[in-house]
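Q: Feature table excerpt (TrEMBL):
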- 6-25: transmembrane segment (TRANSMEM)
- Lys109, Asn295, Arg393: substrate binding site (BINDING)
- 286-308: transmembrane segment (TRANSMEM)
- Cys452: heme binding site (BINDING)
Amino acid sequence: MGLLIPILMGFLACLIGGLYVLGAFRQRRPGEPPLDKGIIPWLGHVFEFRQDTLKFLNRMKQKHGDVFTVQLGGLYITFLQDPFSYGAFVKEKREKLSFTKFTGQLVKKAFGYEDTKNDPETHHMVLIRNLSGDSLVLLTQAMTRNLQNLMFHNTDSATNQSTWKEDGLFMYSSNILFRAGYLSVFGNVPPESEGNEEKAKEKDRTESDTLFYEFCKYDQFFPDLFYGVLSPKKKKETQRLLTFFWDALAIQKVRNKDNISRWVWDIQQAKAEGGLEESMISRYMFVLLFAAEVNIGPVSFWLLLFLMKHPEAMAAVKGEVDKVLKEMGHEVQPGGPLINLTRDMLMKTPVLDSAVEETLRLTVAPLLSRAVLQDMTLKMADGREYFIRKGDRMAMFPYSAVHIDPEIHPDPHSFKYDRFLNPDGSKKTDFYKGGKKVKYYTMPWGAGVSMCPGRFFATNEIKQFSVIKASICDCHTAYLISYFLSAITNITNISV
Ligand code: HEM
């Protein structure tokens, strides 16, 4: 009996502690947003959220309004879904809402990367350097060169015969964009190491192809990895894939390449000077590869599909591209010389810009998250105020709050290539909701401190790919494109 009471007390303490950790005692405090913990302890709504984020957030918004806190896999996340109040999230000080703290935890979990000496300000500066200005000109040149190596190559190396390859449009776009983007950022095999230029190009093609297929596997596991719900078998495979990428992108290997982008070179230098060991820098290279490549192929696929399905859009884009090429003294002819697409040419295409922005609006749905570092007050545009707790997360999902809001973008599920064009051909930036101008009318690149630093390069990549594809479709293409529309429309709510 003497021993039983301490054991019972210990058990009770563990039980209460466990329930506390599982969030069972958390209650909404006065002034806080509505709290919805879901019925499964700790996991909360994670499965519903993971299965269909848009549907789940719409359901929560209908139930609670445009600000609510939900439990997802042990985290309490307050969603802000009022576009007029987005400024409060975007402009909040880093000391209160931190992007780097949030991503630090994410990259540790998903990529095995940790940099304890990391100063967020320096890290950010290094990341955004070299993706604009002169460096962008060089990156764009490299992209054209690599796209040409991959898209116009149609010889089977075994038989040395010209061959047709058949592939789905999605696979084709993802494959080409991933490989050309990877080669442009991480560099090419030097001809000296292979004996001649042709062999070096061949090696670029085969190595990047292997990387692409391994990347697709990792990408499939990523959401479950993020939410911590991977099965042991998948965990093992993820570890194998990570090891493969750490080796493929090892700093010594990358440094032996030709044409490494200034961006990668500079980041490697800065990390090494900051005292980070080489194995960690190699891990960071995979973080960069993932950030740079995960969206680019799918977006290019959608743009190409929309153009193929909308003849008026294709005609407008082709007309504009032909005009720019002619002005620059180029003409596309079957068997003619390859076109050198420069950044200057890509800056003269407002119609294509609008088609790209429309594609991003319809198909890119980022979840923008921050870690809450201090207790804080969220001040809404209409004067409402909410207390947000330190240790929680805050998030926005602009896809449902802005991209497909019919008030901001009428007929929101349809592709309208000229949605972002004024009648005089300039870029349209005036969009309204309830008669009030909406500042953040699309957010495919995020916003504020964490806004995608690669957005200019990404836009150029998408435009280069579609211009080359649209202007040479009948001339050089090495692939016979086939696509299965019914399969595509099944997976999204987009009308093509
Ligand atoms: C269609 C293509 C792309 C889309 C839609 C996209 C979108 C985004 C978004 C939404 C974020 C910010 C996330 C947030 O605020 O939570 C982001 C961050 C980032 N993106 Fe992109 N991105 C694309 C292509 C690229 C490319 C081509 C590069 C590099 C060459 C790149 C490099 C990065 C990096 C390094 C970050 C992290 C920034 C930081 O830690 O401060 N992205 N991207």
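Every residue, even glycine, has its Cβ placed from backbone N, Cα and C.
Just so you know, TrEMBL annotations never went through curation; they're auto-generated.
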Q: Which ones in the same chain are close to Asn295 (substrate binding site), with CB under 8 Å and 6+ residues apart in sequence?
A: Val364, Ala458
Q: Per residue, counting other C-beta atoms within 10 angstroms of the C-beta, which of the binding-site residues Lys109, Arg393 reaches the highest number?
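A: Compared across Lys109, Arg393, the most Cβ atoms within 10 Å surround Arg393.
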Q: Could you state the CA-to-CA distance between Lys109 (substrate binding site) and the residue listed as 'heme binding site' to the nearest Å?
A: 21
Q: Tell me which binding-site residues (Lys109, Arg393, Cys452) have a Cβ under 6 A from ligand 1; sequence order is fine.
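A: Cβ under 6 Å from ligand 1: Cys452.
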Q: If H, G and I count as helix, E and B as strand, and all else as coil, what does DSSP give for Arg393 (substrate binding site)?
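A: SS state of Arg393 (substrate binding site) = strand.
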Q: Hey, what's the Cβ neighbour count for Cys452 (heme binding site) at 10 Å?
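A: Cys452 (heme binding site) is surrounded by 18 other Cβ atoms within 10 Å.
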Q: Quick check for the class: what is the C-alpha distance, in angstrom and rounded, between Arg393 (substrate binding site) and Cys452 (heme binding site)?
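A: Arg393 (substrate binding site) and Cys452 (heme binding site) have their Cα atoms 20 Å apart.
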Q: According to DSSP, does the residue listed as 'heme binding site' fall in a helix, a strand, or coil?
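A: Looking at the DSSP assignment, the residue listed as 'heme binding site' belongs to neither helix nor strand, so coil.
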Q: Over the residue list Lys109, Asn295, Arg393, recorded for substrate, what is the maximum interresidue Cα distance in Å?
A: 24
Q: In the three-state scheme derived from DSSP, which category covers Lys109 (substrate binding site)?
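A: Helix, per DSSP.
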